[in-house]
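Trainee: This structure is in structure tokens; I'll ask about it shortly.
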Amino acid sequence: MTFDPTSTLLATGGCDGAVRVWDIVRHYGTHHFRGSPGVVHLVAFHPDPTRLLLFSSAADAAIRVWSLQDRSCLAVLTAHYSAVTSLAFSADGHTMLSSGRDKICIIWDLQSHQATRTVPVFESVETAVLLPEEPASELGVKSPGLHFLTAGDQGTLRVWEAASGQCVYTQARPPGPGRELTHCTLARTAGLLLSATADHNLLLYEARSLRLQKQFAGYSEEVLDVRFLGPEDSHIIVASNSPCLKVFELQTSACQILHGHTDIVLALDVFRKGWLFASCAKDQSVRIWRMNKAGQVVCVAQGSGHTHSVGTICCSRLKESFLVTGSQDCTVKLWPLPRALLSKNTAPDSGPVLLQAQTTQRCHDKDINSVAVAPNDKLLATGSQDRMAKLWALPQCQLSLPWTRCWPQPQLTALSSSGRSRTSALHASHPGDISCPTSTLQTFEGHDVAFVSRGTQLLSSGSDGLVKLWTIKNNECVRTLDAHDDKVWGLHSTPESSSGRLWA
């Protein structure tokens, strides 16, 4: 459906093959046009309200021109071979542009109702927009005449010269699936262009240069992990069921959509200072990202080496020196951070640095679900689908001696583990027993856990959508948070010195 330029008439097309026009002010139907076979999926008014013309397209790929004054069909325009997806009109109202899934765009003379130019665009086009007839050198528009912009299944915005049929500008395509463009519209007076992607994101551009101004994240589906970002926890990173990461500024809800991974991102972790964070994905890779003081995030390093999905990741705790990943290939890899990555003089546009794994260790017989680095960076804990939790000495990843010697603080001499039994166990060490270095102190409900309150309390989440706060000393649940409608996959709390916020 669509409104006319005066916003007083509304046209609708339906599954019954009918096109109806409604008076919005007086609340009644004014016209009922029949003759379209099948579903009417596109309607558009002529931009000049005095002409009283309405255009529609249905399953036969023809464009019908209706006269509201004569209540009749003036013409049937046939040149497309597949569904017509959009109609656009020139400023003088004498020319119309149509796009279709037959990978062509057609220029029409509305006085003769004839096609004057057919432009092959080599992609299924969802929207075509006529650009203002003025020079725009950054878009390759250097000569007068009609130029139009297309958006389609290739996921890029492209500018075409109507007279020659040549593409004069092609936008760089970000990597990863879900980038197909489903809609595009031009706000002429504001000088802005808005496009929609197949993964439900809105991208707002400056129209004369196509510089990205704002991003709006749409439907996230399942949220797989979440982390605070920034020295003052000013942002959060969200990994949803997508290869893209979303970074939100908490104060304004402004969003950045980060592209780099080519398959679903499974886990996140943030380095101690809050400027660097790491991600891992089903594409068997790991990436490191940096946020600058302006809040802009770029990928600064990437590495590959696992032979299956990388499902868990943990950063070093004392300083920004390394990260650890666990994979479905049953191995753990330790990745040292290159010195160039930590240098403040590294140019942000120099491209991602290549990460090289220093240590690779087969730790379990089944998929590794979780890895955790000790606060002093000397121990690594791993959990697997083989129902075992193990402790390893870093950086060699050797099976460890009793780990209380490396975790000296009383409130940190504990390790939590969780499994399919919907419970989390809290373990303490046995200094004299190397074969089984821990014993169970407490058992709590939930499959994901996080220590808070300087190690005296524990947060747990489960498949029931509840987040529970436990006092470790007496195994008492002191609070239950009920805000989710389904399983809670991840927990992250702010440091003790901050406001004590929690994301789940």
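Every residue gets a Cβ built from N, Cα and C, even glycine.
Since the structure is predicted, the reported quantities are computational estimates derived from the model, not experimental observations.
The repeat 'WD' annotation in TrEMBL covers 1-24, 33-76, 77-118, 258-292, 303-335, 361-392, 449-480.
Can you tell me where each of these features sits in this structure?
Mentor: The list of residues near the repeat 'WD' (1-24) in space but at least 6 beyond its ends in sequence, with Cβ under 8 angstroms from a Cβ of it, reads 30-45, 47-49, 54, 56, 58, 64, 66, 68.
Same-chain residues lying 6 or more positions outside the repeat 'WD' (33-76) and placing a CB less than 8 Å from one of its CB atoms are 1-6, 9, 11-15, 17-21, 82-87, 89, 93, 96, 98, 100, 102, 108, 110, 113.
Within its own chain, the repeat 'WD' (77-118) has Cβ neighbours under 8 Å at 41-42, 44, 46-48, 51, 55, 57, 59, 61-65, 124-130, 132-133, 146, 148, 150, 160, 162-163, 165, counting only residues six or more beyond its boundaries.
In the predicted model, the repeat 'WD' (258-292) shows an average pLDDT of 94.
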Trainee: According to DSSP, how is the repeat 'WD' (1-24) divided among helix, strand and coil residues?
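Mentor: Helix/strand/coil tally for the repeat 'WD' (1-24): 0 helix, 12 strand, 12 coil.
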Trainee: So which residues does the repeat 'WD' (258-292) touch in its own chain, when a touch means Cβ under 8 Å and the partner is 6 or more beyond its ends?
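Mentor: Those are 174-177, 179, 224-233, 235, 237, 239-247, 298-320, 323, 325, 327, 335, 337, 341, 348, 352, 355, in sequence order.
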